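A.B. asks: I am attaching a structure below and will ask some questions about it afterwards.
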Amino acid sequence: MKLKTNIRHLHGSIRVPGDKSISHRSIIFGSLAEGETKVYDILRGEDVLSTMQVFRDLGVEIEDKDGVITIQGVGMAGLKAPQNALNMGNSGTSIRLISGVLAGADFEVEMFGDDSLSKRPMDRVTLPLKKMGVSISGQTERDLPPLRLKGTKNLRPIHYELPIASAQVKSALMFAALQAKGASVIIEKECTRNHTEDMLKQFGGHLSVDSKKITVQGPQKLTGQKVVVPGDISSAAFWLVAGLIVPNSRLVLQNVGINETRTGIIDVIRAMGGKLEITEIDPVAKSSTLTVESSDLKGTEIGGALIPRLIDELPIIALLATQAQGVTVIKDAEELKVKETDRIQVVADALNSMGADITPTADGMIIKGKSALHGARVNTFGDHRIGMMTAIAALLVADGEVELDRAEAINTSYPSFFDDLESLIHG
């Protein structure tokens, strides 16, 4: 696909698609609750559609009509054995969280995904689930998909310290803990996105959170709810960066989720000197309007507890750093290696091919700016965030063309991305 290049300004206002993390969880909680759940503004990207289809295959009635998802919940013990293997597509969130959901089901399932998902290690989830009494295994010692799982009605509660900062592992164990008899304690390495905790309370569940320690008493019953999904800050991140680095630009992003566990990119933008304004804050929905303008940027250091708050935004932050004066160091981000691609290497290769100066490290990158970008051919390798990062980088290219291979990967999280880009170019 040939990308738009040499754009002189971006202007306009858009609403980004619904938050992917919250969309996944709304389907899961709605399915496990008793009664009806209605979900508004859900993301209809491929990952979320995979989760929706999996729960249909598990016997849940889910209707998508007039822009509203209606779920007839079956309760914690109401899932049915599927007739076929469960297809998780490209979604690591789906396979990991649903492994926890099925921990208490007394039937056997196989879960598989596409080529990219089949390379992602699942041992971080399978090891603690085995301690709870679940029979679960995959391929090689890292338990790569496909996974075979047989749950148990006699789940044991667990006391588990996460060896890595992972909201997916934490959430999988919380879903399992809801079905175990007794108190499970999950201790995080660093605080990660807390959508599962928030939604558990919304659906009538109980838990206690003490800093990095989460306690869930099982078993529990959940009750169907109305869920309004805010815009995804991970999708908004591409426009935040575009507005900062494309000259003569001003972008307004409406209804963006600003849950405090997800706003690391805002902290980074401010540390780099970017012009960003937050208005129309809704404390209940945890959403706001974000406005950015073209800015002179300076390098910064990104690491530690900040990383889980922006792990998915690091590819586009790397592009931002190429347009800042000085050096930006990203560290403590080895988790990037086991995303849809090895994002440390793939980001560096993609942007370096366009003229950036990025040195990959064991746990991040060293980025020297400011770089003039030029044309190149870039492959997403099936990674949606690499595709969108490249499309934003291309806007700065004055010399040559930018070709993007496997651009369809962007549909994973942002099917309307190129439509929104066109509207901002002509705004």
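Backbone N, Cα and C atoms are what each Cβ position is placed from, and that goes for glycine too.
So Swiss-Prot says this about it:
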ACT_SITE  D312  active site, proton acceptor
BINDING   K20, S21, R25, S166, Q168, D312, K339  3-phosphoshikimate binding site
BINDING   K20, G92, R120, Q168, R343, R385  phosphoenolpyruvate binding site
A.B. asks: If you draw a 10 Å sphere on the Cβ of R25 (3-phosphoshikimate binding site), how many other Cβ atoms land inside?
C.D. replies: 25
A.B. asks: Using DSSP and three states only, what is S166 (3-phosphoshikimate binding site)?
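C.D. replies: S166 (3-phosphoshikimate binding site) sits in coil per DSSP, no helix or strand.
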A.B. asks: Rounded to a whole angstrom, what is the C-alpha distance between the residue listed as 'active site, proton acceptor' and S166 (3-phosphoshikimate binding site)?
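C.D. replies: So the alpha carbons of the residue listed as 'active site, proton acceptor' and S166 (3-phosphoshikimate binding site) sit roughly 12 Å from each other.
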A.B. asks: Out of K20, S21, R25, S166, Q168, K339, give those binding-site residues positioned within 10 angstroms of G92 (phosphoenolpyruvate binding site), comparing C-alpha atoms, in sequence order.
C.D. replies: Q168, K339
A.B. asks: Expressed to the nearest Å, what is the distance separating R343 (phosphoenolpyruvate binding site) and S21 (3-phosphoshikimate binding site) at their Cα atoms?
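C.D. replies: Counting only the Cα atoms, the answer is 19 Å.
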A.B. asks: Within 10 Å of each Cβ, count the other Cβ atoms and name the one among the binding-site residues S21, S166, Q168 with the highest count.
C.D. replies: S21
A.B. asks: How many whole Å apart are the CA atoms of R385 (phosphoenolpyruvate binding site) and R25 (3-phosphoshikimate binding site)?
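C.D. replies: Given the Cα positions, R385 (phosphoenolpyruvate binding site) is 21 Å from R25 (3-phosphoshikimate binding site).
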A.B. asks: For K339 (3-phosphoshikimate binding site) and R120 (phosphoenolpyruvate binding site), determine the Cα separation and express it in whole Å.
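C.D. replies: The separation of the Cα atoms works out to 7 Å.
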A.B. asks: Work out how many Å separate K20 (3-phosphoshikimate binding site) and R120 (phosphoenolpyruvate binding site) at their Cα atoms, rounded off.
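C.D. replies: About 19 Å separate the Cα atoms of these two residues.
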A.B. asks: Given S21 (3-phosphoshikimate binding site) and R120 (phosphoenolpyruvate binding site), what distance in Å do their CA atoms have, once rounded to a whole number?
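C.D. replies: S21 (3-phosphoshikimate binding site) to R120 (phosphoenolpyruvate binding site), Cα-Cα distance: 18 Å.
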A.B. asks: How many Å lie between the Cα of Q168 (3-phosphoshikimate binding site) and the Cα of R120 (phosphoenolpyruvate binding site)?
C.D. replies: 13
A.B. asks: Are there any residues in the same chain, six or more apart in sequence, whose C-beta is under 8 angstroms from the C-beta of R120 (phosphoenolpyruvate binding site), and if so which?
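C.D. replies: Counting only residues 6 or more apart in sequence, the Cβ neighbours of R120 (phosphoenolpyruvate binding site) under 8 Å are G92, L144, P145, V338, K339, E340.
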A.B. asks: What is the number of other Cβ atoms found within 10 Å of the Cβ of R385 (phosphoenolpyruvate binding site)?
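C.D. replies: Within a 10 Å radius of the Cβ of R385 (phosphoenolpyruvate binding site) lie 28 other Cβ atoms.
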A.B. asks: Largest pairwise Cα distance, Å, within the listed phosphoenolpyruvate binders K20, G92, R120, Q168, R343, R385?
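C.D. replies: Largest pairwise Cα separation, rounded: 19 Å.
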